[in-house]
């Protein structure tokens, strides 16, 4: 009987075309309605989130980029307009301009995904803003012609309104759509985590109190702080909320960016572009921080693990011990085994270093499987490995060491047309320790295990040596 494996919920699934079609229709209708309700500045919406949302969806899911899916979105727009407006034939071109934005952005992103060499994260982020800029220009061009019959503004003011709204909304919403994911495990809450958020709220309040065009940039330092402290998605959402709040405040003259006149298209054009430019900065910082953290993690991983054998390196083992010293529940017993492959130099001389590398890798993985969750394996250098095991007493540690020795003795390593037999000599030491002393205890036990390893070799190799009471014995 096969186990019941739960599949994570996804709104869109490649194997569910009907559900995809329904979701696309409903999402298009929902955000079209939201945009229609925000027609606060003449006939155009203060915000038109639909284009950015749908462009982000099509950009995320390559398999949604089919003609019939785009047709579903276009049909939903026309249907809503037909039921709620009297624009008539103008609606065809107005909604065509919406589709131009969606198609331009989505297809450019999909083109990048098919490049043989993927660009760096920072370059990708810059491209997204460039693609949003191009999509906004094309959308505004068609939208201005379509709106000339239902809007009293001249061509260029109307074009400026279309373009600035599409670009500002796009650069605020698209990062959220492209970065969104189901929440996972988060860090424990700390009041200090709220400091960037509180600072951001104070900066927005200062923009309202002080006013002037420069006040639009007040939240920028706080947003950059958020970008450093929070995830990319959180930063994108905070940037969206901040930019949206500022545009609404400017449109309603709560933030006065001009003392001479009331709100005009030229002022909204300037405000929107200024806010859009501001929102780019924290996203770029967040992407850069993520890239740096990923690089640090990669470098740390390479330093902590031996590339050839895929077990801990010497430095990685000490880092593990340092982490365990912070854990009050760390085991109070420690067994250290030092393993050395017998006659390994002869194997390298007779069969070559490639064969020797394969043996090191195979042996390390075999020892790791035997030890399992009871301990950790590290390559200390050359053909020498260390095992830290958390077993209750010395007898069980000796049994584990003997299991490792016997398993390797019985193992037959195939190299090309030959079969090689391997053996290891092991030195073992055991002690009781406190969690804050694990590194010091390991160093002491490692020196002790090294002495017993020497005894194993001196006694003829292929054996385990350990201190029993007051004597050192080889078994």
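Think of each number as a place in line: the chain as shown, counted from 1.
Just so it is clear, glycine is given a Cβ too, placed from its N, Cα and C backbone atoms.
Any TrEMBL annotation is an automated prediction that lacks curation.
The model shown is predicted, which means the values in this text are computed figures rather than measured ones.
As stated in TrEMBL, the feature transmembrane segment covers range 230-252 out of the listed 230-252, 299-321. Per TrEMBL, the listed range annotated as transmembrane segment is 128-147 (candidates: 48-67, 128-147). Remote same-chain residues near the transmembrane segment (128-147) are listed as 43-44, 51-52, 55, 90, 92-94, 96-98, 100-102, 104-105, 108-109, 155, 158-159, 162-163, 166-167, 170-171, 174-175, 178, 280 (criterion: CB distance under 8 Å, separation of at least six residues from the stretch ends). Counting Cβ pairs closer than 8 Å and at least 6 residues apart in sequence, the transmembrane segment (230-252) and the transmembrane segment (273-296) reach three or more and so form a contact. Here the domain 'GGDEF' (332-469) is broken down by DSSP into helix, strand and coil counts: 71 helix, 44 strand, 23 coil. With a threshold of 8 Å between CB atoms, the same-chain residues lying at least 6 positions outside the transmembrane segment (87-108) that come near it are 48, 50-52, 54-55, 58-59, 65, 70, 73-74, 77-78, 81, 127, 131-132, 134-136, 138-143, 145-147, 149-150, 162, 166, 170, 174.
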